[in-house]
Amino acid sequence: MKRVIILMMDSFGIGGAADAAKFGDEGANTLASVAKLNNGLKIPNLISLGLVKAAEASAGVKIETGPQPPAQVNIPSKYGFMREQSHGKDTLSGHWEMAGVPVLFDWGYFKPGYPSFPKELIEQICKEAGIDKILGNKAASGTEILEELGEEHIKTGKPICYTSADSVFQIAAHEKHFGLERLYTICEIAFKYLKPYKIARVIARPFEGERKGEFKRTKNRHDYAVKPPAPTVLDFLKENGGNVISIGKINDIYAKQGITKAVKASGLEELWNTTIEETKNASGNSIIFTNFVDFDMVWGHRRDFKGYAGGLEYFDSRLPELANILQEGDLVFITADHGCDPSYKGTDHTRENVPAIMFGKNVKNGFIGGRETYSDLGQTVAEYLGITKLNNGTSFL
């Protein structure tokens, strides 16, 4: 019975991208920065699986993790790093590429300064949604714009619309005063009118709180993403009668394509609990695919290196629990979709290589080197599960 578990650590880059300078990200290294700024990291299980060796090979710098307690995961692993072929450093590009479909075209983007959005676009959205005007209309940090405009939003009922360095149109609205379903409806309207602009995602950002200093996002975020331009490894497994269990953001990221069961979860603990539970219950010929979004959304973008370190140490502490329930035919992958170095300027993603770690009871230990595309992971999954060979990537099985 063969199963694949993919642990996607959103934004967990390990530096060394050859084209980082092109993105203004020269020297960015999420893991190295978090380790250095916290004077070490207690991640013995990730280290035993080859993370630090992979990271040092990726960027050519020493990762200062410091003394470690004994590892509790004792299982064979292959480790290395993957370079991104896709033109962007965004969530969709990274996820699609690791599933065999690199994004070899350019997304549309909005200018950062006010007004970010074309007048006719906003008029179309407002008219169909039955609203007068919007707030924001610029590139901004999601938490900062709530502090700036949250009270005005509650007072006026105008949704807060903003963008970032990614190909996104984000709409923040109060879950109680504005209404969650109303927010989702406006996002669906915006998604329809954004198609000509080649924008990758519309993101609903519900929040709560009554005044400045109290506003915080809720767990009811929803992403409206365009569909991958070609079938992914998830589609091929589904077509072959297999199971694809998405946990967290995965269902939204792939626009529900190739998913047979979508499980909602948020927060590192709940995402881990759900992953463990689904691994216990999943049948053979399955992919269990979890996006651990907090590394990106809660710590990376907010440049919170202490929070990032705490998240890594917690993630590491749950690995033995997963390893202990693995069956003979299980393969686990640990990877990421891009970087988000919390020591770096700005608040955006950083172009970095990502880990490629594979472990399981029947894996042969070894270094797989630097892979030329994230699609090598998808090709490895396809070969292991005996499904259609992908058009991109080389297996490291």
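Just so it is clear, glycine is given a Cβ too, placed from its N, Cα and C backbone atoms.
Among the features that Swiss-Prot reports, Mn(2+) 1 binding site is placed at D10, D337, H338. The Cβ of D337 (Mn(2+) 1 binding site) lies under 8 Å from the Cβ of M8, D10, S11, T91, S93, G94, H95, M98, V354, Y374, each of these being in the same chain and 6 or more residues away along the sequence.
Summarising the environment of H301 (Mn(2+) 2 binding site), the number of other Cβ atoms within 10 Å of its Cβ, over all protein chains shown, is 20. The Mn(2+) 2 binding site annotation in Swiss-Prot covers D296, H301, H349 and rests on sequence analysis.
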Coarse DSSP state, helix versus strand versus coil, of D296 (Mn(2+) 2 binding site):
helix
With Cβ-Cβ distance below 8 Å and at least 6 positions apart along the chain, what are the contacts of D296 (Mn(2+) 2 binding site)? List them in sequence order.
D10, S11, T91, C340, H349
Other than D296, H301, H349, which residues of the chain come within 8 Å of the Mn(2+) 2 site, judged by Cβ distance to the Cβ centroid of those residues?
D10, S11, M297, G300, H338, C340, T347, D348
For H301 (Mn(2+) 2 binding site) and H338 (Mn(2+) 1 binding site), determine the Cα separation and express it in whole Å.
12
Give the three-state DSSP assignment (helix, strand or coil) for H349 (Mn(2+) 2 binding site).
coil
Sorted by position, what residues of the same chain at least six away from H338 (Mn(2+) 1 binding site) have a C-beta under 8 A from it?
S11, G13, E84, K89, D90, T91, S93, G94, H349, T350, R351, E352, V354
Determine, for the Mn(2+) 1 site, the additional residues of the same chain whose CB lies within 8 Å of the mean position of the CB atoms of D10, D337, H338; present them in sequence order.
M8, M9, S11, F12, G13, T91, G94, H95, D296, A336, G339, C340, H349, V354
